[in-house]
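Everything on this sheet refers to the single structure shown next.
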Amino acid sequence: MRQPLVIANWKMHGKSAFNEALVTDFLAKLMAGRAECVLCPPSVYLGQIAGLLDSSDVMLGAQDCSHIDEGAYTGEVSAEMLRDCGCTWVIVGHSERRQYHQESDALLAAKLAMAQRAGLTPVLCVGETQEQREAGEAEQVVRAQLLGALDDLSDYRHLAIAYEPVWAIGTGLTASPEQAQAMHEFIRDVMRELDARSAESLRLLYGGSVKPGNASELFAQADIDGALVGGASLDAEAFAAIVSAA
Ligand code: PEP
């Protein structure tokens, strides 16, 4: 009932020649399957990747957007500009932006609204740190992140949520399928409180060192509807295998 969704987050990696080889190789290895797939390159390469994806079903996304529509905000990229470049998706609130750019839940709420207004589907990232998990606070932290960013959203249908435990991002540590499922189930319960009707169709992605070797087990869980993939998305064969597993 929920179509699987797998999103590549290239972070700050790539150069023109590398990007072309990666996307060409990935498209050649990608088998027709059930999953929807999105590539999120650095914003300066969106035009290049849009051209490479032109005749495929793979969609284009951005890694962030501004919370402002336009104006004298040097360095910012608006949601409308991203839409104009061919994006249909945008990642919002990745833990690296929360950590290195001090992005607050209130700011993320504004970004989500701006993204949807421009016609983009935002993917809100949530997740606890190692210390928070060890202190038994994981659910409390994730619940606060969800309510803080989503409380005022008017459209819960054009949205996805990625659960990315901070301790599993880029570390090689993965939440066990049972740990990930438990948190996904909890997230769906919180989303039922916000909008009971859309919670069942809302796609919840897991992120944190997803690889071909652990993808199938994660995707087999009832509330895991796909993945947000960092490191492994820079390897055409590995990423194609993850998409096929979904
Ligand atoms: C990410 O960047 O969202 C991520 C999950 O990274 P990785 O797959 O490398 O852990």
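Each residue, glycine too, has its Cβ placed from N, Cα and C.
Keep in mind the model is a prediction, meaning the values are calculated, not measured.
Annotated substrate-binding residues in TrEMBL are N9, W10, K11, S209, G230, G231, and among G47, G51, G170 the one listed with them is G170. Apart from N9, W10, K11, G170, S209, G230, G231, the substrate site neighbourhood in this chain, defined by C-beta within 8 angstroms of the site C-beta centre, holds I169, V229, A232, S233, L234. Here H94 (active site, electrophile) is positioned 10 angstrom away from K11 (substrate binding site), judged by their C-alpha atoms. Only N9, S209, G230, G231 of the binding-site residues listed as N9, W10, S209, G230, G231 bring a Cβ under 6 Å of any atom of ligand 1; the order follows the sequence. Once the Cα atoms of N9, W10, K11, G170, S209, G230, G231, the listed binders of substrate, are compared pairwise, the greatest separation found is 14 Å.
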